[in-house]
Amino acid sequence: MGDFRPRTVWLGHPEKREQRYPRNVINNQKYNFFTFLPLVLFNQFKYFFNLYFLLLACSQFINELRLGGLYTYWVPLGLVLAITIMREAVEEIRCCIRDKEINSQIYSKLSTRAKVKSSGIQVGDLIIVEKVSLVLPFPGSCFLRTDQLDGETDWKLRLPVACTQRLPTAADLLQIRSYVYAEEPNIDIHNFTGTFTREDADPPVNESLCIENTLWASSVVASGTVVGVVIYTGKELRSVMNTSNPRHKVGLFDLEVNCLTKILFGALMMVSLVMVALQHFTGRWYLQIMRFLLLLSNIVPISLRVNLDMGKMVFSWMIKKDSKIPGTMVRSSTIPEQLGRISYLLTDKTGVTRQIYRTLTQNEMVFRRLHLGTVAYGMDSMDEVQSLVFSVYTQVKRRKNNMHESRQSATKVRKTIISRVHEAVKAIALVHNVTPVYEANGVTDQAEAEQHYEDTCRVYQASSPDEVSLVQWTESVGLTLVGRDHSSMQLRTPTGQILNFTILQIFPFTYESKRMGIIVRDESTGEITFYMKGADVVMAGIVQYNDWLEEECGNMAREGLRVLVVSKKSLTDEQYQDFEARYVQAKLSVHDRSLKVATVIESLEMEMELLCLTGVEDQLQTDVRPTLEILHNAGIKVWMLTGDKLETATCTAKNAHLITRNQDIHIFRSVTTRGEAHLELNAFRRKHDCALVISGDSLEVCLKYYEYEFMELACQCPAVVCCRCTPTQKAQIVRLLQERTGKLTCAVGDGGNDVSMIQEADCGVGVEGKEGKQASLAADFSVTQFKHLGRLLMVHGRNSYKRSAALSQFVIHRSLCISTMQAVFSSVFHFASVPLYQGFLVIGYSTIYTMFPVFSLVLDKDVKSEVAMLYPELYKDLLKGRPLSFKTFLIWVLISIYQGSIIMYGALLLFDSEFVHAVAISFTALILTELLMVALTIQTWHWLMIVGELLSLACYVASLVFLHEFIDVYFITTVSFLWKVTVITLVSCLPLYILKYLRRRFSPPSYSKLTS
């Protein structure tokens, strides 16, 4: 991307730049005006077969090789190229329009308050972005959406540079001497390191800048007005640097067709050599070889690629228009037939981490469990928690009432439980990144709703739905988050009292730390408390020693709950002041800032008091279990890859019936060395027909030392669950399955951590979740619900593959028939390299005379979609690749040779005197044979098929008037012509109809039993 360096950017003074920066222009076009045609043609002719047809067409400029009109070869080639060029041109024009729209977007520039185009923005400009839709949580902040950048649709809170908020107006930014020191451009959209310096202040002000102070390009401001200084432009934008082209996927079907085409080319070479050899290589035999290559060039059908590409477009359109799977998108229209041959389906899981909580689940979090060590509260006892919280804030009122002595002298145990529950609930209500936002509801306006904390107007905004579920739970038990800004938080008690807390520091959640923390001061008591929550694996080493944490985390995980450990630590003023000084110093560091900041925070994370465990459950999506059962019955093995802990992953796999209740499970023991891995693999080898559960760490060791042995054993399992998997490991597993088994894989996911797996798989399916569309946009296909996967594979995948197989073989048959007739004709006439059919007849044969019926095969189906869903076992037949195999290919070759020979020999035998009569008889019989063969192949008639047959026949009959140069018009009206054509056509087709009947009678295919 170039030599990127850190930069110093002066506010409002682009002319003070230290280096040249790229123009702020987005260019996603592949070509320009001068390179479009050369590059498109190059991309077409760099493939052998396209180059082969080009050479054939060019050879017609040589008189010794010319076999008729130039249009005979140039028109078909030109048609193929025209379709390709038009498709590329349309995509390029669309891309150009999109680029132009982006580059022409108008922004307000602070210096002159004038409008400036996006392409005119420079580094150092102060740009105003406005979008007022909500009351802001606190002055200077804004909400933004980054779904176009990282796929996350939740709102993110962004904070201003503190010292700029004290300026009277935004225009004063131009009057101060200040600059931003920023890191070099990079692809990391989740981190930013920089400093803000104001030189004319006394003393000079230095503030650290981080991701919370940034607004990346491609983000959308959802609320507020932002004045920002431009740091990066053009190709240095994060969005541009993160744009990469995913690997170009070529379907297995296309590879098989290419292999068959190579066989056909070999046959073409062989037949041409045989023809010349039978002439004993006399004269200029090499020219004769070239002429036979041209005469028999139809053996390699130029229309095959066009027909298949158009068929794929039809299949993609059918998927998008299916009303039973609404919202399904096809983003890669080149591989729909791949969906019909999936052997392994790899899906992420309803696990703990928020990215992988959506594929099998709805991403609707429900608070299920509060565990305090000695006592636990479930859904049926939440009212007890509510009463305990209520009692804390009503103790004073109770003491004023006349109560019995026994009631006032409650036991110490009871008081301890009340105190512990209260502390746990308060901690959960404080340690989060949730912001309450107030909207007008038609009765109350925004300002009034915010002032009075109206419950009906409040909406919680957070970067994760499980965060919101925790805050909603504390509201349900009596402690409500009613307000929050940059420096404070307000909680409302059950009695209506407002508790004010000052936010001193926030330590956001990261995937490296797996925890988040907050330091707050209680305004009523002045106490400073450090609260923290996180995953049990990291919190176990932070909290004080206890004997129940590990056991209870395991128990809750086995119930399929996401477990969070909540803790606290009280700080004195002196402790906090010391920490703050070190923390601010670390944040101002430009080099190794994250490491220094983490070190300072870790100094606080010691001997924290364990308060409670929380268990949150995600609801399974609708019909997940039936869908997985359909996939299992279809012979597809499902592997679940998750970042969750082992117990939760196992439990959820059972809940979804990925692992049946009576199925044995082998939990792969944690291994760290080669010897341990060897022993565990031997133990696993002795198990039969059991599901495998393995952790990412053990998986890494096994793949390092025993890759082949492990994959061989894992592929024999009915189900595999890999927990604690990293995104890289997910992609690695997909790649190994492809290499070791040679079978097709389908990866299903919905989060950013699934993108690498989705792009690595033969078919990538993204599930659109509540948190964004990142995986959906990177996938080949996207669905709105996991259950739609069943119909996508069983119906559309199956139909696309079977139709593609039938279409490709019929196009080959069509070309082989006329090539066989040419070969018979040449051999009868002493191996003369003379064309049987001239000019338009050759072109018309593969276009208007047979194109519509043959292409109508894309509408054919052997069973109804309801039957395909009801009997997924039908899908199993496709996994062996029987619809298109060397066996079926050979059968169609023999049929072509038989029919071509019968038609040609029959025409030569029955024609009377003039050769033009033989042409008329043979060509008419050929057209009728093709139309009858399409009818023989069709299994379920569609009205468009009938239209295609009749239209083609009508086109041929109508064109006979204009074909007097090639066909005797008077002869074709005679009875002699009609009976000869009828006899030849019957002899070529009737035996095949009889064979088809006998086969269906004595050896019917599996689907025919369901349709009868």
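Any Cβ shown, glycine's included, is placed from N, Cα and C.
Where the annotation comes from TrEMBL, it is an automatic prediction and has not been curated.
TrEMBL annotations:
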- 13-74: domain 'P-type ATPase N-terminal' (DOMAIN)
- 33-55: transmembrane segment (TRANSMEM)
- 67-86: transmembrane segment (TRANSMEM)
- 255-279: transmembrane segment (TRANSMEM)
- ASP348, LYS349, THR350, GLU467, PHE509, LYS533, ARG562, THR642, GLY643, ASP644, ARG724, LYS730, ASN753, ASP754: ATP binding site (BINDING)
- ASP348, THR350, ASP750, ASP754: Mg(2+) binding site (BINDING)
- ASP348: active site, 4-aspartylphosphate intermediate (ACT_SITE)
- 777-1004: domain 'P-type ATPase C-terminal' (DOMAIN)
- 837-859: transmembrane segment (TRANSMEM)
- 889-909: transmembrane segment (TRANSMEM)
- 915-936: transmembrane segment (TRANSMEM)
- 943-963: transmembrane segment (TRANSMEM)
- 969-995: transmembrane segment (TRANSMEM)
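Nearest by CA distance to ASP754 (Mg(2+) binding site), out of the binding-site residues ASP348, ARG562, GLY643, ARG724, is ASP348. Two recorded stretches are said to be in contact when at least 3 C-beta pairs lie under 8 angstroms, sequence spacing 6 or more; the transmembrane segment (969-995) and the transmembrane segment (837-859) fall short of this definition. Within its own chain, the transmembrane segment (889-909) has Cβ neighbours under 8 Å at 260, 263, 809-810, 812-813, 816-821, 823-825, 828, 836, 918-919, 921-922, 925-926, 929, 933, 980, 983-984, 987-989, 992, counting only residues six or more beyond its boundaries.
Taking Cβ pairs closer than 8 Å, the transmembrane segment (943-963) reaches residues 840-841, 844, 848-853, 855-856, 859-860, 924, 927, 931, 934-935, 969, 972 in its own chain, all 6 or more past its ends. Using a 10 Å Cα-Cα cut-off around ASP750 (Mg(2+) binding site), the binding-site residues ASP348, PHE509, GLY643, ARG724 reduce to ASP348. Here the transmembrane segment (915-936) has long-range neighbours at 810, 813-814, 817-818, 821, 836-837, 841, 845, 849-850, 853-854, 856-857, 899, 903-904, 906-908, 945, 949, 952-953, 956, 966-968, 971-972, 977, 980-981, 984-985, 988-989, 992-993, 996, meaning same-chain residues at least 6 beyond its ends whose C-beta is under 8 angstroms from one of its own. Listed binding-site residues: ASP348, ASP750, ASP754; maximum Cβ neighbour count within 10 Å falls on ASP750.
Within 10 Å of the C-beta of GLY643 (ATP binding site) there are 26 other C-beta atoms, taking all protein chains into account. Averaged over the domain 'P-type ATPase C-terminal' (777-1004), the predicted model reaches a pLDDT of 88. Of all the binding-site residues listed (ARG562, ARG724), ARG562 sits in the most crowded Cβ setting, with the most other Cβ atoms within 10 Å.
Sequence-distant neighbours of PHE509 (ATP binding site) (same chain, six or more apart, CB under 8 Å from its CB) are ASN433, SER464, ARG515, MET516, GLY534, listed in sequence order.
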